[in-house]
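S.K.: Before anything else, here's the structure in question.
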Amino acid sequence: MDGLVIQLQRQLVDYSTSLYKEGFLDDQFKQLQQLQDESNPDFVVEVVCLFFEDSERLLSELSKTLSQQNVDFKKVDAHVHQLKGSSSSIGAQRVQRVCIAFRNYCEEQNNEGCLKSLQLVKHEFSLVKTKLEAMFKLEKQVLAAGGSIPMH
Amino acid sequence: MESCNCIEPQFPADELLMRYQYISDFFIALAYFSIPLELIYFVKKSAVFPYRWVLVQFGAFIVLCGATHLINLWTFTMHSRTVAVVMTAAKVLTAAVSCATALMLVHIIPDLLSVKTRELFLKNKAAELDREMGLIRTQEETGRHVRMLTHEIRSTLDRHTILRTTLIELGRTLALEECALWMPTRSGVELQLSYTLRHQNPVGFTVPIQLPVINQVFSTNRVVKISPTSPVARLRPSGKYMPGEVVAVRVPLLHLSNFQINDWPELSTKRYALMVLMLPSDSARQWHVHELELVEVVADQVAVALSHAAILEESMRARDLLMEQNDALDRARREAETAVRARNDFLAVMNHEMRTPMHAIIALSSLLQETELTPEQRLMVETILKSSNLLATLINDVLDLSRLEDGSLQLDIGRFDLHGLFKEVLNLIQPIASVKKLFLTLSLSSDLPEYAIGDEKRLMQIMLNVVGNAVKFSREGGISIVAFVAKSESLRDPRAPDFFPVPSDNHFYLRVQVKDTGSGISPQDIPKLFTKFAQSQSLTKNSCGSGLGLAICKRFVNLMDGHIWLESDGLGKGCTAIFMVKLGLCGHSNEAKLQFVSRPPANPMLTNFPGLKVLVMDDNGVSRMVTKGLLVHLGCDVTTVSSGDECLRVVSNEHKVVFMDVSVPGIDIYEVAVRIHEKFSKRRDRPLIVALTGNTDRVTKESWLRVGMDGVILKPVSVDKMRSVLSELLDHRVLLEVQ
């Protein structure tokens, strides 16, 4: 049993290290993990779930807004701003970066640029979502095996 | 019958003789009987005769003698024995009575004689009394005249009437021909004829005052007889034969200042008027003593009446003047009150109305700076920001000063690092000083406590102002700052006589001396330095402040029970600013208001803030949750809101800190901050407001601070950062650095 725990833990560590290395997550995520304690055992998961929900909603709004004839760039900017905020809060670095670029296009009122950025954001978001979900699964496995989540 | 005792007539021819004897006896008896009758009659008539008994006796004596003689009549002829007996009885009685009378007379006659002398004495007395009565009557006459004159004179307070009345009444009482009053002229060299009895408006004759006759009159307070030919007496056209006698008397003209406590007026008064009185000519009248006395008394009374009139005039004048002044003062007071009311109204309006737009300008300008701007635009925006910052400082200064003057400013007492404060001041001033190539030295005495209790911010302000001034006005050399604990001998400064420091166990007096080698101050400018808006001529060139700095310092120092003054040896010889303030000593439990330990690096920070109520405002759900988690992790009791309005609704004085995410573009944020400031007027109650922002621009940070934030935190926030932020916030109530 011990060996399984250690193995799973190593796997988890490797996986999350790769996430950091590839820029999917940044330090902020580590901070979130630090906030998790006995009084708040599922903090990270809750926050991340909220992020997923929020972002999905925002992305659908963005699609709707950008598909209109007269694009309301102010509204688009507001949404992107929100997304940027959320992603930076949990440390989804790549999403955040794309959002910044997205905002510049909004300022320029560049419809094409916005559409392109939207695609990018959607892409990045789905990537990070998958990765995070995988990581959580691994964590569950470790916990189920009787181990504890290693801290960075 | 042979031996009869009867007398035998020896000469029968003597019948004539016998007849004559007979008749004589008869008449004698008659006389003898009538005298007592007369006596009785007259005694009855006069009741006062004291010796009735004597008269009775005398009467009896005479009656008996008469009876004897009467009975004698019968003895001329033959008479019987009865007649002889009767005769004998009568004679015996007569003899007895006459002897008694003779004896009585011995007693009576001296008495009678003395009555005579008494009568003489009484007559003399009566004559004397008569004489005296005459005298008294004359005196009483005189007195009556004087009273009447005085009454007339004193019944008016008008000077001319007084004098006029005097002359008229005197003339009437004494039946004078002419009466005149000579008054001294303004120059005092001459006497001018001012009033006469007969002429209504005398032409202005003058005589020089140094005439011998005048000197003679002035030298005594008695009436003096003068010659009718002297210049003062030549009032009537000559042509009469015998001018009447003339007397003159001096009338003192008294002033208020003549009445000393120990002197009598005669000694101190200098001015006299001359009153001349002339008896009617061609009459043989002479001046009587009582008339002269009357004149003397009148002269005195006139003097008194005149002085009363003068005093009254002066007091009326003074009263009118006072009334005028009173009116003027009243007006001035009302104007001052109006001005004060106007100022208060103005300040009340300024307090809020001016700050809000200023915040808007500053906040928006700084936000504008964040955006993409052309270099020209950036320059313009920077200038706008700089100017509005200056303006905001000025407004705050002025408002501070007026709040100081109103007495509504309260010090924020707290524990602070005293040594650190000085070092901070040094750090802040050092750059400017080194630009001007001035050296800065700081010397803290060894007995200066490390920590003190007082208003750190304002003490810093005072220090910065004083040291800043020293640097501003020095072109070369350097500034030296010396700080030490004032001992009781040095507490009382002869240059500050109104300052009474009272050292006690809980407090000490910090004394700071800032010496510079600059342009110095001339002695006459020193008192003006602490007055608002006053700048001496020599300073105007270099200074760019509003002149309020030192005035504010002085107010702060006074609030701290201290004293500030400047010393200078003169222009070009540098200047030393000295101030003393009262600070509390640390280490007493009643002074420790804060629960948390202050920030010296040695002490570890608290890792937890149990139960600290905070409010988080963020419109982004995720970010809100993250921040909340962060704070909960540190033990806080977190409330979250997602909009400015909600924040204002929810915020209470229980919340110690409000975290506001300001990455939302818009003016909501600073408006919320302003409203929070307004909601909690006392600084103690107000929650600290911290802005969470993703901006790294320094200018923005300052602008947030100006808007009313107590701190700015850059996102992303780590646990450690949040922990240190909370520590510092609760310690200092302000974040000195951007975290």
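One-based numbering along the chain as shown.
Glycine too: its Cβ is placed from the backbone N, Cα and C atoms.
So TrEMBL lists these for the protein:
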- B:20-41: transmembrane segment (TRANSMEM)
- B:53-71: transmembrane segment (TRANSMEM)
- B:Cys65, B:His69: Cu cation binding site (BINDING)
- B:83-109: transmembrane segment (TRANSMEM)
- B:315-342: coiled coil (COILED)
- B:Asp661: 4-aspartylphosphate (MOD_RES)
- B:Lys715: ubiquitin cross-link (CROSSLNK)
S.K.: On the 0 to 100 scale, where does the mean pLDDT of the coiled coil (B:315-342) fall?
M.R.: 92
S.K.: Would you kindly give the Cα-Cα distance separating the residue listed as 'ubiquitin cross-link' and B:Cys65 (Cu cation binding site), rounded to the nearest Å?
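M.R.: Cα-Cα distance, B:Cys65 (Cu cation binding site) to the residue listed as 'ubiquitin cross-link': 175 Å.
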S.K.: If you draw a 10 Å sphere around the Cβ of B:Cys65 (Cu cation binding site), how many other Cβ atoms fall inside it, taking every protein chain shown into account?
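M.R.: So the number of other Cβ atoms within 10 Å of B:Cys65 (Cu cation binding site) is 21.
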S.K.: Checking B:Cys65, B:His69, B:Lys715 - which of these recorded positions have a CB within less than 8 A of a chain A CB?
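M.R.: Sorted by position along the sequence, the hits are B:Lys715.
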S.K.: Looking only at DSSP and grouping its letters into three states, which state does B:Asp661 (4-aspartylphosphate) belong to?
M.R.: strand
S.K.: Could you tell me the C-alpha distance between the residue listed as 'ubiquitin cross-link' and the residue listed as '4-aspartylphosphate' in angstrom, no decimals?
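M.R.: Answer for this pair: 9 Å between alpha carbons.
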S.K.: Reported as an integer number of Å, what is the Cα distance between B:His69 (Cu cation binding site) and B:Asp661 (4-aspartylphosphate)?
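M.R.: B:His69 (Cu cation binding site) to B:Asp661 (4-aspartylphosphate), Cα-Cα distance: 175 Å.
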S.K.: Let's check the environment of B:Lys715 (ubiquitin cross-link): how many other CB atoms sit within 10 Å of its CB?
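M.R.: Around the Cβ of B:Lys715 (ubiquitin cross-link), 19 other Cβ atoms lie within 10 Å.
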S.K.: Give the number of CB atoms, excluding that of B:His69 (Cu cation binding site) itself, located within 10 Å of its CB.
M.R.: 21
